[in-house]
Amino acid sequence: MSIAHGIKQLGVLGAGQMGAGIAFVSALRAKVPVLVHDKSQEQLSKGLALMDKLLAKDVQKGRLQQADADEARARVRVVGSLEEMRDVDMVVEAVSENLDLKRTIFKTFAQTLKPEAILATNTSSISITKIAAATIPEGKGAASEEAKATTSRVVGLHFFNPVPVMRSSNGWPVPQKLVELISAIQTSKDTLDRARAFAEACGKEVTTSQDVPGFVSNALLMPFLNEAIMCLEKGVATRDDIDKTFKLGMAHPMGPLQLADFIGLDTCLSIQQTLYHGTGDSKYRPSVLLERMVDAQWLGKKSGRGFYEYNDN
């Protein structure tokens, strides 16, 4: 069978909400075997439970046959180390927004995985070019053939949360069909083309962005969310009135404070810090309230409390 993207086996590093979602759509929509690795057994258990829940719901709603659900679930396999991903055709990193962590991971990818594998990051704000530079072999210059070969395989594939097809409690579709494709200055056209084809095979629409802090999506979204948080902090309006204004007045599926909860307030803070330090522009400076909520571990839906409280955690 001819596969445009050439991905016959995928690796996913990180089994949190994003990693589990990427593994899910890759197995169900793109129909490729997926190897998942995470150091946290708790994360793995939660990620697999999420897949089982989503598949069961799709079967119950008649959107999926049981046999297709079973096949998709069988395509996902947990592995105990990156060594077991050695032969994947592409790996997607989906860990927390920390440049040093990602640099370490991509250096390991370059040393461990086969030399033609695509090395993709799901980062939502960090420079793909900086991440790619971490793959340069020790002792080699950036202009060496070895450096060109490994850095050209690095690409940004920014999936949006939630990755699977889902609907919010009020019936509105949650924005999730998008994948943002970002090229480092080192990324090859072949890598970009194959990464795009794979995202489309997962049922996604693809937009492209230059490698700037926050890319297109978060360079626009985060100041909006931050302004909403500052309006709450200053007492301009209540939480409910801020969110209702955008749901009813601007036809947004959910208000900015609820959206921040769904993204994760720690993630919002990390992205805003990346934008602020990367540009030096004060419009990206995070609000004090956001920082204090993260200090309190009020991280949004995933922790059970953010601007709202959630009983399903």
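Residue 1 is the first one shown; counting continues down the chain.
Including glycine, each Cβ sits where the backbone N, Cα and C put it.
Predicted automatically and left uncurated, TrEMBL annotations should be read as such.
The Cβ of LYS102 (NAD(+) binding site) lies under 8 Å from the Cβ of GLU93, VAL95, THR121, THR123, ILE126, ILE131, ALA134, each on the same chain and at least six residues away in sequence. Annotation comment: TrEMBL describes GLY14, ALA15, GLY16, GLN17, MET18, GLY19, ASP38, GLU97, LYS102, SER124, ASN161, LYS302 as NAD(+) binding site.
The domain '3-hydroxyacyl-CoA dehydrogenase NAD binding' annotation in TrEMBL covers 10-211.
Marked as domain '3-hydroxyacyl-CoA dehydrogenase C-terminal' by TrEMBL: 214-310.
Its Cβ taken as reference, HIS158 (site 'Important for catalytic activity') is surrounded by 24 other Cβ atoms within 10 Å in the chains shown. According to TrEMBL, the site 'Important for catalytic activity' annotation covers HIS158.
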**Fill in**
If we take the residues GLY14, ALA15, GLY16, GLN17, MET18, GLY19, ASP38, GLU97, LYS102, SER124, ASN161, LYS302 that the record assigns to NAD(+), their largest CA-CA distance in Å comes out at 22
**Item:** Long-range Cβ environment of ASP38 (NAD(+) binding site), under 8 Å and at least 6 residues apart
**Value:** LEU13, GLY14, ALA15, GLY16, GLY19, LEU44, GLY47
**Asked** Given the model, what does the mean pLDDT over the domain '3-hydroxyacyl-CoA dehydrogenase NAD binding' (10-211) come out as?
**Response** 92
**Asked** Cα distance, MET18 (NAD(+) binding site) to HIS158 (site 'Important for catalytic activity'), nearest Å?
**Response** 10
**Fill in**
Counting Cβ atoms within 10 Å of each Cβ, the densest environment among the binding-site residues GLY14, GLY16 belongs to GLY14
**Item:** Chain-internal residues near MET18 (NAD(+) binding site), provided their CB is under 8 angstroms and they sit 6+ positions away
**Value:** ALA94, ASN122, PHE159, ASN161, VAL163
